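What TrEMBL says about this protein:
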{"type": "DOMAIN", "residues": "42-107", "note": "domain 'DUF1736'"}
{"type": "REPEAT", "residues": "224-257", "note": "repeat 'TPR'"}
{"type": "REPEAT", "residues": "292-325", "note": "repeat 'TPR'"}
{"type": "REPEAT", "residues": "398-431", "note": "repeat 'TPR'"}
{"type": "TRANSMEM", "residues": "21-39", "note": "transmembrane segment"}
{"type": "TRANSMEM", "residues": "128-152", "note": "transmembrane segment"}
{"type": "TRANSMEM", "residues": "158-178", "note": "transmembrane segment"}
Amino acid sequence: MFLEVLHSSQCKLRNKTAVSRVLVLTILTSLVILLRLYISNFTAPKFTELDNPAAFVKDPVLRLASYSYQWLINIRLLLLPYSLCFDYSMGCIPPITSSADYRLLSLPSIIFLVSITPYLLHKLNSRLLTFGVVLGAMSFLPASNLLVTVGFTVAERVLYLPSVGLCIVAGVMFVQALRYYRNMDKIGTAILVIAMTMTYQRSEEWRSELDLYASGLRVCPQNAKIHYNLGKVLSRIGDVEAAEHNYWNAIRLNPNYEHAMNNLANILEAKGRSMDAEVLLRKALRSRPTFAVAWMNLGITLMNQGKYEESLQAYRQSLRLRPGSADCLFNLGNLFQKMGQPLGALDAWKNATSSSRLDPAHTRALTNLFVILDELNQCDEVLEISKKIPDSTANKVASVAFQIGTCLGKSGRFPEAERRLKAALQINPHNAMYHANLGVLYQRWARYELAENSYLTALALDDDPGPVLWNLKAVREKLNRTRSDIG
């Protein structure tokens, strides 16, 4: 009697402990969900048909069948992780839109799996096996489109937690198999070696963007985003022809892909095909009128065609959408310069390099700004602006260091000017103009031998002597007089 009472009390204690654990887990899970909702401002995520096409299928049966097909793909990725892709959107897994699609069989297949799994778990009577299956299913549930519609089709990252459940199931089944198959340990070792090899191979693909995107293209050749990303990488490494080919493929697969059209237009513009670039940019802007970068690039294309007024309107539209664009202000300054409006150019470049608003390290705008200020005999302003530029920027860009050095020389600050001009020459030692200006500095400084050497170097680099030859003659006359006086 006493033993029965003791056993009963122990059972009640275990039940209370289990209930307490469940309660704590429920509270913690609820807090995590609330925190996540708070971070997203309690608003649902926004996505397009390109992100999750199945969510936009109108027929509920076909939509559920599309989801079922995605679930089967996830199960396949868990069991046989081959042919992996970093992005399964944009046509990689098209939705089921017709009752004649053989993939419609995914729905009865899922129904069969959901029906048979509880029976098998009950028959096997393994708590650990049941725990593994439930853990895998429950951790995948948020990504299944059943609770909320998600913004992707298939994503390998959502299988991290379900894979824990799979590992538990695999471990239980392996132990059971060892009882019936003597060579199961060898089979298990072989599977482990194969899995390690596949993991290493996939990790190597992730080490390089080029390899990653190329591997993705082998799995999902209909994914426009992969063609676009591959085009960006190829363009960055200088393979412009291959980049252009991939951008065209991206546009063919997704005719409204505004980013691909914008990047392709840049390539065509660089090749001198301004009219083709204009067509692409206008199409991109019809697809997305708020695309500020495309407006700026359209301005560049129109400017290169001599359509200055249209270019001005494009730049202004870009700045309305993105007022803080130093690149757009730089190009606007170039336009004003072409239009014969130096003050407008000056104002645009000042805004582009304003340390309080935009990008003080925008070196192309700084160079143009310093040149025009020098031409307007406003070297004091150049030197004032240069105080706000860190040496790490000024001394690493030859044109900026050169312009600062030139103005320092005109202001009589010869040692500082020499340092800046030498910094420019260290970056670009074959620039004849830099050597010539260093010669002018030494000539003003009365260091005639150094001036002679600089002028000779400039003449050796430039076939057109220009004023350098006259300066060299003047320096040699000074040197001859000095030597005569000494003699």
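Glycine residues also receive a Cβ, built from the backbone N, Cα and C atoms like all the rest.
No curator has checked TrEMBL annotations; they are predicted automatically.
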Are there residues at least 6 beyond the ends of the repeat 'TPR' (292-325) whose Cβ is under 8 Å from a Cβ of it, and what are they?
-> 258, 261-262, 265-266, 269, 274-275, 277-278, 281-282, 284-285, 331-332, 334-335, 338-339, 357-358
Pull the DSSP breakdown for the repeat 'TPR' (224-257) and write it out as helix, strand, coil residue counts.
-> 27 helix, 0 strand, 7 coil
Number of helical, extended and coil residues in the repeat 'TPR' (292-325), per DSSP = 27 helix, 0 strand, 7 coil
Looking only at the repeat 'TPR' (292-325), mean pLDDT returns 94
